[in-house]
């Protein structure tokens, strides 16, 4: 599927956090960049770390994302109708809490005195950096919502590169951010670790991908950490290695290390090239 100028898009995702998704995606991005014209997108906007692993120094602010909320002005006569209609308990003492307000506009509609008006509030930011290839990532402001909207804007900014390949570090879970990330990708890599919670969450992830007709492969990370029988087919396994936390702490990509994990990720890369 060719959209936004990117010929093929691969999303690296997981049913739960902490399984090594970003560690794998950063290494795959670097490996693919040696043979393909790529753009990397970090769509885990609640906790982006792609830029941290590549230690981006000169980041550029591409866009500020706003959401619409409401505030009460001096025309308020304190009738209380807005308090009754607000479903999010965002109005107290005739002031609207900007964190709780979802911007539905019910309060403005019911107010007979034009005492409630919309305002814009910063909800997130989109940045760009270059690490041998272009990297675009988003950051959701603390306490804000609208991660799906930010992800859509990240994708729109990627179109200018007309890349052969888009490597997307997606969010964990099966919520709105995940759906915004995978709904139009060509291939999803589902990262799972040998724990019951990871397996159960991966099953939910597979169900979501099937609903949206997204092709996927399952990659086991930390193989050997625990014995477990998977209820799905494993495409590739990456071994458990005690040195991985040290490598990450020192901002060393797994593919650049002299470890068994590095060799396994390179093997995964060679297998993935067959899908391009």
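Backbone N, Cα and C define each Cβ position, glycine as well.
Annotation source Swiss-Prot lists ATP binding site at 15, 16, 17, 18, 19, 20, 21, 22. Secondary structure from DSSP puts residue 15 (ATP binding site) in coil. All chains included, 25 other C-beta atoms sit within 10 angstroms of the C-beta of residue 15 (ATP binding site).
For 76, 79, 82, 111, the entry in Swiss-Prot reads [4Fe-4S] cluster 1 binding site, with the evidence type similarity to another entry. The secondary structure of residue 82 ([4Fe-4S] cluster 1 binding site), as reduced to three states from DSSP, is helical. Around residue 82 ([4Fe-4S] cluster 1 binding site), the same-chain residues at least 6 positions away in sequence with a Cβ under 8 Å from its Cβ are 72, 91, 94, 107, 110, 111, 116.
Taking a C-beta cut-off of under 8 Å and a sequence gap of six or more, residue 86 ([4Fe-4S] cluster 2 binding site) has these contacts in its own chain: 106, 107. Look at Swiss-Prot and you will find 86, 101, 104, 107 tagged as [4Fe-4S] cluster 2 binding site, backed by similarity to another entry.
Below 8 angstroms of C-beta separation, residues 102-121 of the same chain, each at least six residues beyond the ends of the domain '4Fe-4S ferredoxin-type 1' (68-96), sit close to that stretch. Taken from Swiss-Prot, the feature domain '4Fe-4S ferredoxin-type 1' applies to 68-96, supported by sequence analysis.
Per-class residue totals from DSSP over the domain '4Fe-4S ferredoxin-type 2' (92-121), listed helix then strand then coil: 5 helix, 9 strand, 16 coil. Here Swiss-Prot flags 92-121 as domain '4Fe-4S ferredoxin-type 2'.
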Residue 104 ([4Fe-4S] cluster 2 binding site) versus residue 15 (ATP binding site) - Cα distance in angstrom: 30
Binding-site residues: 17, 20 - member with fewest neighbouring CB atoms within 10 Å: 17
Three-class DSSP secondary structure - residue 76 ([4Fe-4S] cluster 1 binding site): coil
